[in-house]
Amino acid sequence: MLLDLVVVVLMVCGLLLFLATTVGLLRFPDFYTRVHAAGKGDTLSTVLMLGGLIIYLLRDFNGETALTAVKLSLIVFFVFIASPTATHAIIDAGYESKVPYWTRRKGAGAGYDGPERRRQDRQI
Amino acid sequence: MAAVVTFCVMFAFWVVMSGKLDLFHLGMGVMASALVSWLSRDLLFSGHTKTLGGTLGEIGRFLRYAGWLFWQVVLANVHIAGLSLSPRAMERIDPRIIRFKTVLKTDFARFVLANSITLTPGTVTVRIQDDTFYVHAINPQAAGDLAGDAVGGPGEMERWVAWIFEGGKR
C-alpha cells in the first residue's frame, strides 16, 4: 500500500515535468530555447517514471521481474547518454545553418554571431 | 585487450536483453558479440593505456560526480519547469551564448563536461572549437558559474571533471 503510494507519487511527478516540458516547447520564443525545453525536460521525468515502474515491478520479486527491472535501468542509462547527444546534434546543426537566436535586448535575429565571429576568434 | 573487454560488455548486454540461458541463444550471443567487438575494437576503449588501479579510481570518482550531477539535474529541472509554467516566462528567460576556455586537456574529459552541461536543463553545449566551449544558456541563473567562478578559475562542474580525470582539487 505504501509502496503503491510511492509509485503514484513518482509517476505523477514525472508526468508533471513532462507537462512543463511540453508547455515550454510551445511557449518559448525561438529554436534554441525550444530545444532546451524539448530535449532536456525528459531526463528527470524519464528517471521518475521508469523508477516508478521498476518499484511497481519489484513488488512481486522473482527472476523475470528482476530482469525486466534491469532492462528498464538500462533504458535510463541510455537516455542519459543519447538525450544530450541528440540535443547537441540538433542545436549544433541550427548554429551551423545560422538560425538566428532570440535575445532579450535586441529581439529576434539580432543576436546571431555564428561562423563569421568564429573566424575572428581564430585570428586572435 | 580492448576487444576482450568490449566482448565482455557486449555479451553481458546480450544476456540481459535476451534473458534466455540455453545453448542456442548463448551461442548466437557469442557469435554476435565477437563480430561486433571485432568490428568496433577501436571504438569503445580507444587508446586506453592507463593502469587498472587508475581506471578503478576514475570510476569511483566518476560515481561520486554522478551523484552530484544528478542533484544538479534535479535542481535545474525544477527551475526550468517553473520557468515554462510561469505566467511571466518571457520576462524571466534571457538566452545568451556563453564562451569560455576550458582547462581540460583530454578529449574524453571534454566529452564528459559537454554532455554534463547538456544534461543539465537550461544549458546546451553548442560546440567546442579548439579550447573554447560555446554554451547556449536560457538565462544567467541556469548558467551559474559555468564560465568561471568569482576569481576567474573554472566553474564548479569543470572542477569536478578535472578532479576525476586529471587530478587537481575539487
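In case you wondered, yes, glycine gets a Cβ from its N, Cα and C as well.
Curation does not apply to TrEMBL; its annotations are automatic.
Among the features that TrEMBL reports, compositional bias 'Basic and acidic residues' is placed at A:114-124.
According to TrEMBL, the feature region 'Disordered' maps to A:105-124.
For the transmembrane segment (A:6-26), same-chain residues at least 6 beyond its ends with a Cβ under 8 Å from one of its own Cβ atoms are 34, 36-38, 41-42, 44-49, 51-53, 55-56. Residues annotated as transmembrane segment in TrEMBL: A:6-26 (among others).
Packing against the transmembrane segment (A:38-58) from elsewhere in the chain are residues 3, 6-8, 10-11, 13-15, 17-18, 20-21, 24-25, 65-66, 68-69, 72-73, 75-76, 79-80, 83-84, 86-87, 90-91: each is 6 or more residues past its ends and has a CB under 8 Å from a CB in it. What TrEMBL records for A:38-58 (among others) is transmembrane segment.
Marked as transmembrane segment by TrEMBL: A:70-95 (among others).
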